[in-house]
Amino acid sequence: MEPVPAATDGGERPATPSGLSASQRRAELRRRKLLMNSEQRINRIMGFHRPGSGSEEENQTKSKPQDSDKLNSLSIPSVSKRVVLGDSVDGGGADQLGGVAEVRGTQLGDKLDSFIKAPECSSKDGAELRQRTRGDLTADPAQRASHHGLEQYLSRFEEAMKLRKQLISEKPSQEDGSTAEEFDSFRIFRLVGCALLALGVRAFVCKYLSIFAPFLTLQLAYMGLYKYFPKGEKKVKTTVLTAALLLSGIPAEVINRSMDTYSKMGEVFTDLCVYFFTFIFCHELLDYWGPEVP
């Protein structure tokens, strides 16, 4: 197959060589059409116009109405492609193409804007919903904690008011002079026993044993004898310390047990004071009356 020369700028087309079959002629014509179409596209893009292309322009103007009808039936992307390529040919067909392209371009822009705005709105709505849910999740524990703290504060305030009323009611009874009720029979027995023990220790035992060993033995005996003595009713005294402990959240049972322990320690300390004071007093009397007494 001989090489076929390309089309010149003047628009002259070389004749097809003779002696070719029908299929070869068809292929040659297709190739020439493709070359011409590519040249025309390049010239349109670059802005060149061939002077001898009047007949071709007429053919193009005739085919433009058909192209406009096809454009109306085609989709939006095909219209946009043709608008980008664009024809530099003047005439009514070009005006129609421009109008169609503008209308379709505006429609395309509106649709694209709607498609773009819809995901943005949905994303904004989703972000707002997430922020609201997060805010609700973070607000729920804070509200619960504040509600719990408020309830605790109110309960403690009520307890403080009750303790205040109890303190006010107990003060007149203490001022009336009913202190004799505090000393029961067992308490008096303890004090008398400590004084007698101090006398006996000073008279007979101080040479051989420590003065505190008999006292500890007596306290152990008191712990066993406490069961056999009648128990008087103990009035629970409400003090500022107990009120403060209750308001701080310590249970009342723990406070009562601690108060009982402190009262027992106070009794033991009182017994020790009586015992030691009696012992020293006896010792001074013996030294004053008889210097020879050991």
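Just so you know, glycine gets a Cβ as well, placed from its N, Cα and C.
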Worksheet item: Are S210 and D287 on one side of the membrane according to Swiss-Prot?
Response: yes
Worksheet item: Which residues does C282 (disulfide bond) neighbour through Cβ under 8 Å, counting only same-chain ones at least six apart?
Response: A198, L199, R202, A203
